[in-house]
Structure formats: C-alpha cells, structure tokens
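Trainee: If you scroll down you'll find the structure; I have some questions about it.
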Amino acid sequence: MLTLIQGKKIVNYLRSRLAFEYNGQLIKILSKNIVAVGSLRREEKMLNDVDLLIIVPEKKCLKHVLPNIRIKGLSFSVKVCGERKCVLFIEWEKKTYQLDLFTALAEEKPYAIFHFTGPVSYLIRIRAALKKKNYKLNQYGLFKNQTLVPLKITTEKELIKELGFTYRIPKKRL
C-alpha cells in the first residue's frame, strides 16, 4: 500500500524517465503521452498500485513499447508483460510497489482513460445502460453490433456526454 502523495511522486518521477528500446536505441516516452489512471486518478487516499496509461501514436508501435520498457534510474522487475499491459515491481524509497502500465492508440485515448480510471462498479452501470441500447463500450472504443461507432471526441468528458450521461470527475465516481 502507498499513499496518494507517494503515488503522485512516483508518477512525477516516471514522467521524465519512461522509455523503450527499439533497434538498439532508447526512445523516450513523452510526458504528454503518460496518463495516471486507476485509484491514483480517482485520488483515493491509499493505493494498492500505480496505474499508468501510455498513449502510442501507431498500431505498429504497440509491440515495441511495453515489452521493451525501460525506467531511467529506477530498479524494477517484470511480473508479466505484453503489448497492451505490463505489470512491474519498482523499488521506490526502499520499498517495492506494483506499477501497472497499459497502452492505447491515440484514437482509443478517451475510451482507455475512462476504462482504466474506473472504478469497476461505475463502469458496470454505464455499460449495462449502453447494453440495453445494443452498444458495447470498452477501452478500445464504442461498438454497435460489433462495429466500431466513430465518435468525434478527444476527451473522456466528451465521451461521457456523447453517450448521454452526466460527466463525473473521477474522484466522485462510485
């Protein structure tokens, strides 16, 4: 367990130190492409882990980012890692914490932020209401009859309003 303040410190540290190796070169992940999600974004007082979403510009980049993740100046071990999710254990101030990294394409960003911010109970209610209208919402997009429904949105707030719900800041979601 770590406090919200510790979680924010870890995220601030990571924003300037996340990179991935590609063709023998270290590629820095820009701070603007790193989004805190999960209990940290909901500003819960105590956190089980730190969740970060990394926005990737192109689909072909997915296979390179997480499997080749590097953190400058921080000791870590990989528990499990794939193209879309990586679970790490990081050493921070003489303690070990879990860091969950997720990836999303730029066009998936609002959906992924909503999905990974949660909480699960809130997502279930939204998805149940959408299911009654034959829609499916996940971290990749909004679908009707298994076909992606293109929405002209760029933020999570726009997504919620487009779906016909009242936007609640993450801290107020139950």
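Even glycines carry a Cβ here, placed using N, Cα and C.
What you are looking at is a predicted structure, and each value in this text was computed from that prediction instead of being measured.
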Trainee: What does Swiss-Prot give as the disulfide partner of CYS81, choosing from CYS61, CYS86?
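Mentor: Partner cysteine, according to Swiss-Prot: CYS86.
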Trainee: Pick from 42-51, 152-161: which range does Swiss-Prot record as region 'Involved in ssDNA binding'?
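Mentor: Matching range for region 'Involved in ssDNA binding': 42-51.
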Trainee: Using DSSP reduced to three states, classify CYS81 (disulfide bond) as helix, strand or coil.
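Mentor: Once the DSSP labels are grouped into three classes, CYS81 (disulfide bond) ends up as strand.
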Trainee: ASP100 (Mg(2+) binding site) to CYS86 (disulfide bond): how many Å between their Cα atoms?
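Mentor: So the Cα of CYS86 (disulfide bond) lies 6 Å away from that of ASP100 (Mg(2+) binding site).
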Trainee: Using a Cβ cut-off under 8 Å and a sequence separation of 6 or more, which residues in the same chain sit near ASP49 (Mg(2+) binding site)?
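Mentor: Same-chain residues close to ASP49 (Mg(2+) binding site) (Cβ under 8 Å, separated by 6 or more) are GLY38, SER39, TYR97, GLN98, LEU99, ASP100.
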Trainee: Given the binding-site residues ASP51, ASP100, and counting only Cβ atoms in the protein chains shown, which has the most within 10 Å of its Cβ?
Mentor: ASP51
Trainee: Take the C-alpha atoms of CYS81 (disulfide bond) and ASP51 (Mg(2+) binding site) and report the distance between them in angstrom, rounded.
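Mentor: With distance taken Cα to Cα, ASP51 (Mg(2+) binding site) is 14 Å from CYS81 (disulfide bond).
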Trainee: Would you mind reading off the Cα separation of ASP51 (Mg(2+) binding site) from CYS86 (disulfide bond), to the nearest angstrom?
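Mentor: So the alpha carbons of ASP51 (Mg(2+) binding site) and CYS86 (disulfide bond) sit roughly 10 Å from each other.
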